[in-house]
Structures are given as C-alpha cells and as structure tokens.
Amino acid sequence: HWILVEDAAARSELVTRFVAAAGLPCTHLHVPTPRRYKRPGLPRATEQRNAGLAWLRQRHQHLPPPQPGVLFFADDDNTYSLELFQEMRTTRKVSVWPVGLVGGRRYERPVVENGKVVGWYTGWRADRPFAIDMAGFAVSLQVILSHPKAVFKRRGSQPGMQESDFLKQITTVEELEPKANNCTKVLVWHTRTEKVNLANEPKYHLDTVNIEV
C-alpha cells in the first residue's frame, strides 16, 4: 500500500493520474513544505513523511493489535530492487541494509558482526548515532503505533541527521536487524535527482502539440 504524499497545497491532476495508472492500493495525501524550509542544506520531505505517519496512526488507532505491517520511507530519487521488499517483510522492529550511492563512494552500509550491527561503513559523519540513509531501513507498524510521538523534526535537527533523530526515538543500534545477507547486498540505490540542464530547449514553445513532461 502506497501512502503517497505530494508536496503541494492540493493534489495535482498529474500525480492523481499517475496513482490511478499504477494500479496499486494507494492513499494520496498532500502537504506543502513551508517556503522558509526550501533552502539548500535544510532537510527535505519532513512535512510529507510526518503526514504519512499521522495518517497511519489515525487509521489504526481504534483497531485491536496485532496489526502486521512494515513501513518504508520510499523517495522519488531512489531506485529499488523488488527483492528489497521481500527482505523487509520479516522486520520485527527496525531492519537495516546497505544503500548504493552515485557520488563520493559506491555504497554505505551497517557493519555486522555475529548477526549484530556494530558500526557503519560510511563516507560522511560516521559519528552519527545511525549513520544510515533514509532508504536503508524499515520499521514495523507496531513500533510506529507504540511510539505515537515519534516524528521527523524540524527544530534542532541538523542536515543529514533526520534518520538518526527519528530512529533514536524508537530503537537502539543493538536492536537493529540486519537484512540483505548480513548487509552485504545492495538492493536500493540513492540515485538522486539533479537540476536539469535545458540549454538546448527553445526559449519559446515551438512544438505543434502539448507534451506532458
């Protein structure tokens, strides 16, 4: 089930049609990022992830436990192997795995010894409590419901610390569950979206038909 949260004041026709064409069970929400937070270096998608968390909690608050499910924060600038979703299905609390990168180094991963996470192989700030990318973990729905105040923070959160700030509220490093063959297989890639170079695009619309991009 997709919980797709559009960064907008209203649901757009473009995304609505995309969701319908995908053919997957989907809840289409929307919440805009305040303009003051749309600056380079500030965390992105905070409001959107929190809106998804709020929807989950509201939907499940009156249902009796246990409520099976696993939450994964997908992103529009990542590439996924379908095998990843099979791996995360057995998550009991919080599971982790490597993430492939397109810059700086080939990948980052949790370091695992005897089936336990003992450190981080990363090219940036290995001193983070959870030196992991947003694409590198999944959380049991039961954990989300049992920690109703766990959200992604704006105030006091430093760039690159959103994952750590969130995970500190719900788990410890010792409790992490390594997946992907003890964190040795890359099943998701942080491929990033870059600002497009439209140097060859005509200044005025010259085509005879309207093309949706």
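One is the number of the first residue shown, and numbering goes on along the chain from there.
Quick reminder: no glycine exception, Cβ is built from N, Cα and C everywhere.
Annotated features, as they stand in TrEMBL:
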| type | residues | note |
| --- | --- | --- |
| ACT_SITE | E163 | active site, proton donor/acceptor |
| BINDING | D77 | Mn(2+) binding site |
| CARBOHYD | N182 | N-linked glycosylation site |
| SITE | E108 | site 'Interaction with galactose moiety of substrate glycoprotein' |
| SITE | N200 | site 'Interaction with galactose moiety of substrate glycoprotein' |
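Features as recorded by TrEMBL, highlighted on the structure.
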residue : record                                                             : CB count, 10 Å
D77     : Mn(2+) binding site                                                : 13
E108    : site 'Interaction with galactose moiety of substrate glycoprotein' : 22
E163    : active site, proton donor/acceptor                                 : 21
N182    : N-linked glycosylation site                                        : 17
N200    : site 'Interaction with galactose moiety of substrate glycoprotein' : 5
By CA-CA distance, flag whichever of D77, E108, N200 among the recorded positions is nearest to E163 (active site, proton donor/acceptor).
E108
Considering Cα atoms only, can you say which of D77, N182, N200 is the nearest neighbour of E108 (site 'Interaction with galactose moiety of substrate glycoprotein') among these recorded positions?
N182
Can you grab the distance from N182 (N-linked glycosylation site) over to N200 (site 'Interaction with galactose moiety of substrate glycoprotein')? Cα atoms, rounded to a whole Å.
46
